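> So that we are looking at the same thing, I have put the structure below in C-alpha cells.
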Amino acid sequence: MTLLKNDTFLRALLKQPVEYTPIWMMRQAGRYLPEYKATRAKAGSFLDLCKNTELATEVTIQPLERFDLDAAILFSDILTVPDAMGLGLYFAEGEGPKFKRALQHEDDIAKLHVPDMEKLQYVFDAVTSIRKALDGRVPLIGFSGSPFTLACYMVEGGSSKEFRTIKTMMYSRPDLLHKILDTNAQAVTAYLNAQIDAGAQAVQIFDTWGGVLSDAAFKEFSLKYIRQIVAGLKRESEGRRVPVIVFAKGGGLWLESMAQIGADALGLDWTCNIGEARRRVGKQVALQGNFDPFALFGTPESIRTEVARILADYGHGSGHVFNLGHGINQHADPEHAKILVDTVHELSRQYHGG
C-alpha cells in the first residue's frame with residue numbers, strides 16, 4: 001500500500017505529537033454537497049450508491065476535493081449489517097430507513113445469525129477502491145453502528161422517537177434483546193475486521209441511540225457489547241496501529257466507563273465541554289469533536305469564535321481530533337464548512353509544538 005502523506009489524524013488519535021489539530025466531519029460526504037446530489041441521482045437510490053464501488057469511491061473523495069480534510073470516511077450506511085442478515089432494508093421517501101422484517105417475535109430472533117461477510121463484499125470492495133483513489137493522501141476510516149443502535153432499527157423496524165418497542169423488550173424479555181445484541185456484536189466485529197483487511201486505517205463505532213438508555217441499561221445493553229467488539233478487533237495492519245473511536249451520542253455521562261473499554265478515542269457530541277472531558281478521561285483516550293453542526297449556520301465570525309473556544313477548552317498538546325458533535329446537516333453551506341476546516345488548521349497550531 002502507498003505510504004501516507006498526511007498521517008496527522010492517526011497520530012492525534014494515538015496522542016503522538018502533531019503540528020496542528022486534524023479535522024474531518026461526520027457525514028462529510030453527503031447531501032449538503034451539490035456534487036454528492038449529482039452522483040446520487042446518477043446512482044438511482046441511496047442503497048444503489050452504497051453498492052456501486054465506483055460511485056461510492058467518488059462520493060467518499062468529493063469532500064476532500066473541496067476541503068483540506070485530514071481523513072476520509074467510507075461512504076456506506078450502518079444498516080448494511082442487518083440488511084445482510086436478511087431483514088430487507090429499504091428507504092421510504094421522507095421517512096428514512098425501514099426494514100421489511102422487523103425482529104419482534106421470538107421465533108425470528110431465534111433464527112438470527114451472523115451474516116456471511118461475502119454478502120457485504122461490496123463494502124470491502126469500496127474500501128479497497130477508496131484506498132487506491134486516495135493514493136496515500138489521508139487515512140481512510142471504516143465504521144459500523146453499535147450493536148444497540150443497530151438493534152433499535154432492527155426491532156422498531158425503522159427509526160423511532162420513543163423506542164417503545166425495543167425498551168419494552170429490554171425490560172420484559174431482556175434475554176431476547178441480549179440474543180440480538182450478541183449476534184450484532186459478533187457481526188460488527190467480523191465486519192470491521194474485514195474493512196481493516198480491505199484497507200481501513202482507523203475504525204469508528206457509532207452508538208447513535210445509546211444516549212436514550214438509563215445509566216444501568218447503557219452499561220448492560222450497549223457498552224458491554226461495544227467492549228466485546230473492541231476486544232475482538234485487529235489493532236495492527238500494514239505495520240501500524242489501527243485506532244478505534246467510539247462515539248455515543250448523548251454519552252457524556254459515561255465517559256469514564258467508556259474510557260475503560262480499550263478504545264483509542266471517544267467521540268463527543270456538542271453537549272459536552274471538551275476541556276472537562278479531557279480532565280476526566282484525557283489520560284486514557286484521545287477525544288474527537290465536538291462542534292455543534294448547527295453552529296455552521298452562523299456567520300463566518302461566529303464559526304471562528306466557536307472553533308477558537310473548543311480549541312482553547314481542549315488546550316495544548318495532542319490527543320484531539322476536531323469534528324462535529326453529530327453529522328453535518330444537509331442544509332449546511334459548504335462555504336461555511338470550508339471556513340470551519342481552514343480555521344481549525346489555522347488556529348490550532350499555537351497549541352502544538354514548542
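Note: Cβ is positioned from N, Cα and C throughout, glycine not excepted.
If you look up Swiss-Prot, you'll see R27, Q28, A29, G30, R31, F46, D77, Y153, T208, H326 marked as substrate binding site, on the strength of sequence analysis. What Swiss-Prot lists as site 'Transition state stabilizer' is D77.
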> Judged by the number of other CB atoms within 10 angstroms, which among R27, A29 is the least packed of the binding-site residues?
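Counting other Cβ atoms within 10 Å of each of the binding-site residues R27, A29, the minimum falls on R27.
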> Counting only other Cβ atoms and using a 10 Å cut-off, which of the binding-site residues D77, T208 scores lowest?
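Comparing Cβ neighbour counts within 10 Å for the binding-site residues D77, T208 gives D77.
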> Between all pairs in R27, Q28, A29, G30, R31, F46, D77, Y153, T208, H326 (listed as substrate binders), what's the biggest Cα distance, rounded to the nearest Å?
23
> Three-state secondary structure of D77 (substrate binding site) from DSSP?
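The residue in question, D77 (substrate binding site), is coil (DSSP, three-state).
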> Suppose we draw a 10 Å sphere around the Cβ of R31 (substrate binding site). How many other Cβ atoms does it contain, all chains included?
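Total other Cβ atoms inside 10 Å, all chains included: 15.
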